[in-house]
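Below: one structure, written as structure tokens.
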């Protein structure tokens, strides 16, 4: 076990990067549905649920439409996940140098520090990804705008929007690259433009890490056979990551809704603009009610659970260590 703890930082970074890329590839369509569900307002629902969103996206944008924004995510998720996992490991090591077992408070403190470190990459990554993911929803809303106006005047329900979506054809989704969005933001707002919603990202990622890492550590420890043989099967690492990830994801879902709304640069018809976290929370609560803060919560749990399950398997199995020749690769124990 001591040998495993002394593995160098490059191996940890490789593990985090590989885990992030594999996980994102598997769950990205669900993440796209989450973003669109969170951004649609009450009374203007284009999508009933995750499945409805994915079906309509494929019909209107093709199969690759559900992977809009995946390229920027795959590019930046490597440093993002690597920083998150490696930082938590680093701070846990620093906090346990006195030789005593980590208390829950110290585990939460290590998770807090890891969450603060990752936002350097997370904020611009999410900023670019959200613009690309939400583009199809905005176009779909434009297609039904005549019916939206009529429905609002007559006091109709969102069911009318759902029917209109399939019957009215209009503008197509504009293919805008992440590079173009980045250039526009840098030209008009400077580097600050890429970090819009930083406060909301911190508000989401720090509590997530505070909940996730200690919970995962304790769940993972339950799979140990004995203190003399602390290794656990790879499937236990996966299940621990899934359970801890889904619980933490649902716990911070309201913060994720606020972050998504703040980072969406383009708004649909009759959609509110927000002047910061407090203003966003107040307007959502007043106009959409408390349930709006849980929009996309199930999608987020379905995204985060396998994402962190896969991440922990790669991390604890030691793919990076194997690639760097530090230790033998063993899929039966981590």
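Going from the start of the chain as shown, residues are counted 1 onward.
Just so you know, glycine gets a Cβ as well, placed from its N, Cα and C.
Record note: among 209-233, 234-258, 234-258 is the stretch given as transmembrane segment by TrEMBL. Counting residues 6+ beyond its ends, the transmembrane segment (234-258) has Cβ neighbours under 8 Å at 38, 200, 203-204, 207-209, 211-213, 215-216, 219-220, 222-223, 277, 280-281, 284, 292-297, 300-313, 315-317, 331-334 in the same chain.
Applying DSSP to the repeat 'Solcar' (7-94) sorts its residues as follows: 73 helix, 0 strand, 15 coil. Across the repeat 'Solcar' (232-321), mean pLDDT in this model comes to 89.
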